[in-house]
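> Here you go, one structure.
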Amino acid sequence: MQVKNPILGLCQKATFALSAAKVEQCPDDQGYEVAFAGRSNAGKSSALNTLTHASLARTSKTPGRTQLLNFFSLDDERRLVDLPGYGYAKVPIPLKQHWQKHLEAYLGSRECLRGVILMMDVRHPMTDFDKMMLDWAKASGMPMHILLTKADKLTHGAGKNTLLKVQSEIRKGWGDGVTIQLFSAPKRLGVEDAYRVLAGWMELEDKPVA
């Protein structure tokens with residue numbers, strides 16, 4: 001008997017809901033939301049598009065182009081949220097400050113936020129932004145799952161070594177509440193593991209399929 005993860009079907013039907021420049025423009029604060037965060041060029045949009053089997057999140061050759069909170073509906077009560085990318089040098093400082101202000105407002109106010117998926121480039125993990133997000137997750141008690149993206153850029157052995165190293169650093173500095181995995185959008189590596197995390201946070205149980 002096979003087991004079907006219901007989050008898969010929902011992600012494949014994901015649709016764009018709205019973009020918000022500030023928290024007041026977000027959907028009603030109810031249901032389930034999972035936010036996707038990451039430093040600019042960490043592969044956040046590619047990961048979202050891979051998980052939804054669509055081109056919902058904008059990808060760009062110029063990192064840092066995501067300037068809004070972008071909401072994607074899975075069903076009437078479940079949403080994925082693409083948060084602004086951070087850290088790109090060519091983005092003006094006032095715009096960076098604007099992004100940070102509204103990111104902090106979103107993270108600090110949304111009662112329906114069930115967890116954060118944090119993207120780190122496996123070749124350059126644990127940036128200052130990543131550590132800031134880990135600090136926030138620890139202080140707030142928010143579940144966090146890390147995707148070490150672009151794993152296809154490293155050999156299997158090098159990717160595994162980086163995974164173990166980052167796991168150890170996070171465990172020492174932030175405890176055992178953060179989970180982590182390797183991920184590659186082009187190779188679809190780690191997609192099923194990411195689906196299981198989403199399903200757990202959104203309270204969707206695996207269902208047997210005859």
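Cβ from N, Cα, C; glycine included.
Marked as GTP binding site by Swiss-Prot: 38-45, 64-68, 82-85, 149-152, 182-185. Swiss-Prot lists S45, T66 with the feature Mg(2+) binding site. Annotation source Swiss-Prot lists domain 'EngB-type G' at 30-204, citing sequence analysis.
Context for these features, please: burial, neighbours, distances.
In the three-state DSSP scheme, S45 (Mg(2+) binding site) falls into the helix class.
When pLDDT is averaged over the domain 'EngB-type G' (30-204), the result is 89.
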> Secondary structure at D152 (GTP binding site) (DSSP, helix/strand/coil)?
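Reduced to three states, the DSSP call for D152 (GTP binding site) is helix.
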> Please give me the CB contact count at 10 A for G38 (GTP binding site), counting all chains in the structure.
30
> Select one residue from L68, A185: among these binding-site residues, choose the one with the most other Cβ atoms within 10 Å of its Cβ.
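Answer by Cβ density within 10 Å: A185.
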> Using a 10 Å radius around each Cβ and all protein chains in view, which of these binding-site residues has the most neighbours: A42, G85, D152?
A42
> Within 10 Å of the Cβ of S45 (Mg(2+) binding site), how many other Cβ atoms are there?
25
